[in-house]
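Summarising the annotation, TrEMBL assigns carbamoyl phosphate binding site to A:53, A:54, A:103, A:131, A:134, A:264, A:265. According to TrEMBL, the feature L-aspartate binding site maps to A:82, A:163, A:225. The domain 'Aspartate/ornithine carbamoyltransferase carbamoyl-P binding' annotation in TrEMBL covers A:5-144. The domain 'Aspartate/ornithine carbamoyltransferase Asp/Orn-binding' feature in TrEMBL is assigned to A:150-299.
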């Protein structure tokens, strides 16, 4: 990457993405080669929203590179509740660390924050905005299981609010991928995202309300969680959610090679019985967060650094 | 140990226990010999209930072995509150780490979780169930102070709800120990635990409502906290709790060699004046958590691991 | 230092302070020289009150010395809420670690706690009492920017409740410094602090309600936050707070060499436009927490330790 910060997957070209994925694969094959790479480096973790897997996998990645983390902790236990601005918080913490990871409920917060700091800053999710490291591990998992060329992918569930889905869709438009978006009408992709995707040269985007018509053609099915709180009425939620659940019966109509993914946590979208099938790739997907984030951290710490390594 | 996971002290034979205690003593005598033993290893901490000393001593133990930890954090700040199952959580986190430590309010949760993971899993307390690493440090402390052979021990306080007490009682039944259980009638050992203990060959178990009759014969007195919330009536609590408190006066009837233990935290069960006497072993007991957990972690990481060390 | 614990800046002589500042400057110039100094050491973090920068900078300092930390976590997730005394908590945790850092809402808590432990204990702020490591980084920043000899300093804002201000004032009375205290009448320095300062040989202390009369003479202006919750009436707060805010217009009356400091977090006391001027030293000040705490930790770990290094 020729970037000091990682804010959105939109900033990454196909060549950038492939470079990261290649490097992640190299690390995955031999993690010991980088086990002491950043032995004296500290990564600042600033999570203004709860997170388990993103935070833990960043921490794991940094420690697998020989480095360590310094964690701001929860907002409740920090100075944030004394009224400090985000610009002040990041300017203080950059003085302690060699890079920053920031998750924030407000869309655009990481982009704003990155203008105040000299160390590399990685966006770990901003509201309904972007989540570029999740996108990279999704792409890595797709490439390992189905390949990124001549790909037919279905993306299903809550497509309206999910930053994970938007980030992935933008990134996939760099590749030769047929994207099918499957959701109830009330949770369709935002119109501006569809518009953006159609602007891309060669983009192949279609929307569906039911999975049946596209399932047999899919190489990858990417399922997301439909959140109860999006629905004013519990009955409506139950009915809608029920139509977008995957189980072994559903998958009988799919290709034997279908890869099922999910950013996790899941609730009822994928039945536990699917875990035992060869389709299930969602735990592998979560685990891929480590080599992918190791690759991203290493590239940013080496290039975004002060050149003294 | 010939086990991949450590779930309950019932799974440990006398030989298993002695092997761990011997190794803990070896580590305690020369911690520097293992200070880099697990330099590239990560331990996942999953505490679904508050904990100070168990969590901190596991973290200390792992770091004293040269390794590091990755902490899920509190349930409030994690994906658990989004409705993720424990089986999913442990399967994600095992991908980041080389072993897992799990505390959970539901009895049986660690046993269930261990069936979903390939890395070693250690139970750090499950509801009213088991707490095997606490038991091992209790046994270690008893052995150092009074010996495990020909032992007369009194276990006093809340015997009904305390997993620490149940775990210890089962483990002691492997040894030549006379166990006296002292509690108000309402907080007696559960009948099934008494039944189990009597099934053990050579078990020597007696129950008492007052400490006076047994105190002079004891080598060790193990005190536990009587929790206010177990009593519907505050007056009844005050009266009962008062009868099971230890101070310097109480101890005049005891042997000079009596060792007083407590799993901590204490409230009023042991008067601060006892701290200054030679009887007090409860801080030493807490500190023993480090070499004992170092021994357990090292044994599980080496034997439960992927054999590449 | 000839001390095992660091409880208050009052315990430090001018020679003590200069030794620490000199050593911090040495570390700041070449941190790599101490990067593995305490590779097998653990620092226990006991924060009974929220903190971002103090806690993170202690953690950073320890890790920059090659060591690691073990964190008690928030009070809500610890045994403290089970009713454990502070004396018990520190006696347990000292068994895990090589030194302790303690922040506590009750004034005097660190002094009390230090009597129960053998490892060095550092006060990280106790109620309205002391905050000696903050004072040391303040002195370091003053020395780097304006020098500690022949100093004219203005200390402005909430002088009544701020432990930071009291600690700094006591420490400055060791030097040839003219101290001007600027605050609304209701937030003046406590009378006993003024009394104490006047007892110091050569102390030069004056109090003001407005900054105008002293601003032109100042080498350093140390601004603190006026807390809304100190005022029963919102209008009164707004009016008072407004009079003690610094912006570019205010600073036109100041010397070009004026250094503006703030312990952070700030709310409205210093306008963001000041950040871009050469006066602003508050982020540098926060960053100085790392070398200063590295120096303090190293001195205490080497001298307060068991002599086996």
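Easy rule for this one: first residue shown is 1, then count along the chain.
Note: Cβ is positioned from N, Cα and C throughout, glycine not excepted.
Where the annotation comes from TrEMBL, it is an automatic prediction and has not been curated.
Looking at residue A:225 (L-aspartate binding site) and residue A:134 (carbamoyl phosphate binding site), their Cα atoms lie 15 Å from each other. Between the farthest pair of Cα atoms in the carbamoyl phosphate binding residues (A:53, A:54, A:103, A:131, A:134, A:264, A:265), the distance is 17 Å. Taking the C-alpha positions, the distance from residue A:265 (carbamoyl phosphate binding site) to residue A:82 (L-aspartate binding site) comes to 32 Å. Under 8 angstroms separates the C-beta of A:82 from a C-beta of chain C, among the binding-site residues A:82, A:134, A:225. For the binding-site residues shown (A:82, A:103, A:131, A:163), fewest C-beta neighbours within 10 angstroms: A:82. Summarising model confidence by region, the domain 'Aspartate/ornithine carbamoyltransferase carbamoyl-P binding' (A:5-144) averages a pLDDT of 94. In this structure, residue A:225 (L-aspartate binding site) belongs to neither helix nor strand by DSSP; it is coil. By a Cβ separation below 8 angstroms, chain B lies close to these of the binding-site residues A:53, A:54, A:163, A:264, A:265: A:53, A:264, A:265.
Each residue contributes its Cα atom, and for residue A:53 (carbamoyl phosphate binding site) and residue A:163 (L-aspartate binding site) these two points are 16 Å apart. Our reading of the L-aspartate binding annotation (A:82, A:163, A:225) yields a largest Cα to Cα distance of 34 angstrom. Around the Cβ of residue A:134 (carbamoyl phosphate binding site), the same chain contributes A:54, A:125, A:164, A:167, A:168, A:263, A:289, each under 8 angstroms and 6 or more positions distant in sequence. A C-beta separation below 8 Å, combined with a sequence spacing of at least six in one chain, links residue A:264 (carbamoyl phosphate binding site) to A:53, A:282, A:285, A:286. A 10 Å cutoff on Cβ-Cβ distances gives residue A:54 (carbamoyl phosphate binding site) a total of 25 other Cβ atoms nearby, all chains included. In the three-state DSSP scheme, residue A:131 (carbamoyl phosphate binding site) is classed as coil.
The Cβ neighbour count for residue A:225 (L-aspartate binding site), using a 10 Å radius and every protein chain shown, is 23. Here residue A:103 (carbamoyl phosphate binding site) is positioned 12 angstrom away from residue A:163 (L-aspartate binding site), judged by their C-alpha atoms.
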